[in-house]
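To keep things clear, I will list the structure first and then write my remarks on it.
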Amino acid sequence: MEDSMDMDMSPLRPQNYLFGCELKADKDYHFKVDNDENEHQLSLRTVSLGAGAKDELHIVEAEAMNYEGSPIKVTLATLKMSVQPTVSLGGFEITPPVVLRLKCGSGPVHISGQHLVAVEEDAESEDEDEEDVKLLGMSGKRSAPGGGNKVPQKKVKLDEDDDEDDEDDEDDEDDDDDDFDEEETEEKVPVKKSVRDTPAKNAQKSNQNGKDLKPSTPRSKGQESFKKQEKTPKTPKGPSSVEDIKAKMQASIEKGGSLPKVEAKFINYVKNCFRMTDQEAIQDLWQWRKSL
């Protein structure tokens, strides 16, 4: 009894096979199943007239068993070449045995669908699948700690690369300001150390010689570079020419920008943005602005 119960409760795995047949006036189709161990279903999809069918009425009929086990006949489709050459049944399922026939018309009529078979799965294959799933789960848990550490490292590396790129861009834009700040910090550090270390020595020398001696501080690289900067100051950029300013304003307008419409605001705009101080050139630019 227990073995029979186990066989009844075993899961079923469906398999699908293509089905098709041709009906004519003198040609029926009998769908039978010799293997009774598995469940079979015939799922009909479409019924259509074949090439060469006459423009006449075709009636397709199916004969099978009803719930009580008695034979029953059902009309599946009514076709005519000029009106309705094909009909979709949308999955009309019938349990075999089934007889498909052409009740009216000469044909040919083609019927297509699927043959569904429910196959029992082996218990051994299920056990093997479960063992494979368990092994995969164990390997995934073991590899989880190592895999979790790799992601943050990659993120940190990416963040460091992004920070380095940003710092490189800022260094390229503000190179002069950074050099000046570094030189000031380098200049302050040795001065403090020398002031702390040399007061006693300077006091002794001043007492011996009777003269006030200035504390000797070693020259730092920052002082030398700072003096070089004082000797060679950068030449300020001069004002742009009138034609260059017009070209830049025109480009700004083409990009969607706007210029001041009031003369006083326009003059301030030219002086601040283009460092233009020539009044004649400013008036020339204002006349050009009004002509736009």
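Including glycine, each Cβ sits where the backbone N, Cα and C put it.
Matching 32-37, 68-73, 152-157 against Swiss-Prot, the residues noted as motif 'Nuclear localization signal' span 152-157. Of the given residue ranges 106-112, 190-196, 239-245, 253-259, Swiss-Prot assigns the label motif 'Nuclear localization signal' to 190-196. Closest in space to Lys32 (SUMO1 cross-link), of the recorded positions given as Thr75, Thr95, Lys246, Lys265, is Thr95, taking the CA atom of each residue.
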